[in-house]
Each structure stands twice: as C-alpha cells, then as structure tokens.
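Structure first, then comments.
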Amino acid sequence: MKKGVMRPGHVQLRVLNLESALAHYRDLLGLIEMDRDEQGRVYLKAWTEVDKFSVVLREADQPGMDFMGFKVIDEDCLNRLTQDLLNYGCLIETIPAGELKGCGRRVRFQTPSGHFFELYADKEYTGKWGLEEINPEAWPRNLKGMRAVRFDHCLLYGDELQATYALFTEVLGFYLAEQVIDDDGTRVAQFLSLSTKAHDVAFIHCPEKGKFHHVSFFLETWEDVLRAADLISMTDTSIDIGPTRHGLTHGKTIYFFDPSGNRNEVFCGGDYNYQDHKPVTWLAKDLGKAIFYHDRVLNERFLTVLT
C-alpha cells in the first residue's frame with residue numbers, strides 16, 4: 001500500500017440475462033443483493049465485506065468485465081494518484097459521485113493491456129452483513145450457496161504486459177508476487193499484490209487486448225471448496241476445472257462459468273507475501289504443473305475461453 005491504494009473494491013460484469021445471472025451470483029455463490037439502480041444494474045457483496053458492494057451486474061449483449069475498481073485511503077490520495085496517472089501519460093475519465101450507488105467520485109483509466117480500472121476513496125459503509133458490530137457472532141446463519149467470503153481478485157488477459165507492470169508498480173504501488181517466465185526470459189504472466197495476498201490482480205499475455213479470464217471469491221476452507229463443487233453439480237452449472245490445487249499461489253480451487261459464460265473461481269488457502277519477498281518464479285515449460293498442480297496437464301479451455 002506504499003502509494004495509498006488499499007485493496008480491490010469492486011468489479012462490474014456484463015451479463016446476457018440479469019435474472020439468471022442474479023440467481024447464479026446470489027443463490028449459488030452466496031453474494032447478498034444490496035441495491036439496484038435506474039440503469040438496471042444490480043449491486044452485490046460478500047458477507048464479510050464492510051462496504052456496500054463489490055460486484056455490479058450489468059445486462060449487455062456480450063459478457064465480460066467493464067472495469068475493476070481499487071479503493072484508496074482518502075481523497076487527497078485520489079487527487080495525487082490522478083495527477084500521477086496523468087503525468088505517466090494515462091488518459092483519465094472522472095465519474096461523479098453517485099453514478100455507482102453509494103460510491104464516491106471515481107477516476108478511470110485504461111491500462112496498456114486494454115483493461116479499464118478505476119480508483120475511488122469513498123463508498124457507503126454498511127458493515128459485515130448479518131452481524132452486529134459489537135460482540136459479533138462467527139457468521140450469519142442464513143447465508144446461501146457457497147457462502148463466498150469476499151471478492152478477492154481478477155485474472156485478465158492482454159498484451160503489453162511489461163508496460164502494464166510498470167504502470168501498476170511505479171504509479172500505483174503494487175509489487176510482483178509471482179511470475180511465469182518463458183524460454184527467452186520474457187515474463188508471460190504476472191501476479192501483482194498490494195498486500196500479503198498472493199495477488200490482487202493478475203495478467204497473462206494474450207495478443208488480444210482487454211480480455212477477461214475470471215473473477216475470484218475467497219472461501220474459508222478446503223471443505224468449503226468441495227461443497228462448492230457439490231453445489232455446481234447439484235445446479236448443473238458449467239464447470240471448467242477442479243477441485244484442484246494451483247502451483248502458482250498454491251491456492252486450492254475450482255473454476256466454473258456463470259450463465260453468460262464469465263468464468264468464476266472460488267478458492268481457499270494460498271501463499272502469503274510481504275514486499276521484501278522475492279517473486280516466486282515458474283517456467284513456462286512447466287505451465288501445466290504451475291496451473292494444475294495435481295494433473296500437471298494444461299486444460300486448453302482454461303487457457304482459451306475468455307470474455
């Protein structure tokens with residue numbers, strides 16, 4: 001957090017049918033519906049999150065990610081980072097407070113990889129869902145589905161990874177936690193963090209700009225991941241891979257698709273990092289084991305199905 005960017009705050013996803021998407025994210029993943037707006041967007045959050053929302057669903061003709069937002073420490077920090085982005089050569093769009101319900105002024109920019117990100121300082125504080133602030137119980141007893149704990153990260157595909165890396169590290173204060181290096185020594189995947197997490201956002205090289213691989217939600221235990229797999233089967237939800245373990249980050253994971261084809265992940269565990277740790281490096285020739293630690297064989301669908 002050396003530049004004042006604290007954490008992932010929200011992601012806006014495009015879905016083909018709002019009600020079927022809502023049934024997926026609310027009833028299967030277990031997010032809580034918090035609000036709707038005049039544009040028809042639906043706002044959701046996981047139960048441990050203290051701000052009003054972390055996921056926004058927007059009905060559209062094509063699936064994918066509109067943007068990902070990061071929360072900064074205060075308005076002064078937002079102003080400073082805005083100027084830093086301008087000085088770096090980024091084009092800036094300022095979105096007024098209230099355009100997302102309960103969210104303050106947002107500053108949006110596009111990365112060299114073709115993805116849109118935004119920074120904001122203020123969002124309505126609603127507290128952890130279903131718990132009192134004083135003497136809180138361990139968890140709410142009326143959670144649904146997979147009982148997602150928090151929105152954790154996004155994995156994105158695009159080109160110009162080195163330029164994107166420079167923007168995130170030099171301007172926004174991220175650090176490199178893990179990477180994949182090809183035979184020429186070129187970084188083809190980068191896992192960037194603001195915190196002790198294995199990653200807050202990750203990028204994999206792709207010749208096409210602005211592609212979305214997955215949005216990820218944290219669960220508490222391996223038993224919860226297995227239970228998520230049961231729910232995927234019970235609901236005939238399209239599965240991608242898992243349950244399994246990653247070599248990269250060592251998280252225990254399962255991947256599946258929402259009704260629009262956007263890939264989701266739920267996971268538990270994984271490595272921790274501090275900024276004095278050296279980046280963990282995997283070799284591209286061992287990518288099968290890096291992604292699927294048990295099978296050690298690449299799933300072509302996992303690499304090529306993007307929105």
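Glycine is no exception: its Cβ is also placed from the backbone N, Cα and C atoms.
If you check Swiss-Prot, you get these features:
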BINDING   His153, His214, Glu265  Fe cation binding site
DOMAIN    7-122  domain 'VOC 1'
DOMAIN    150-269  domain 'VOC 2'
Other residues near the Fe cation site, CB within 8 A of the CB centroid of His153, His214, Glu265? Asp152, Cys154, Leu155, His213, Val215, Ser216, Phe217, Tyr255, Arg263, Asn264, Phe267
Tell me the Cβ contacts of His214 (Fe cation binding site) under 8 Å, same chain only and six or more apart in sequence, or just say none. Cys154, Leu155, Tyr255, Asn262, Arg263, Asn264, Glu265
Looking at Cβ-Cβ distances, which residues of the chain lie under 8 angstroms from His153 (Fe cation binding site) while being 6 or more apart from it? Pro8, Lys197, His199, Asp200, Val201, Ala202, Val215, Ser216
Number of other Cβ atoms within 10 Å of the Cβ of Glu265 (Fe cation binding site) across all protein chains: 24
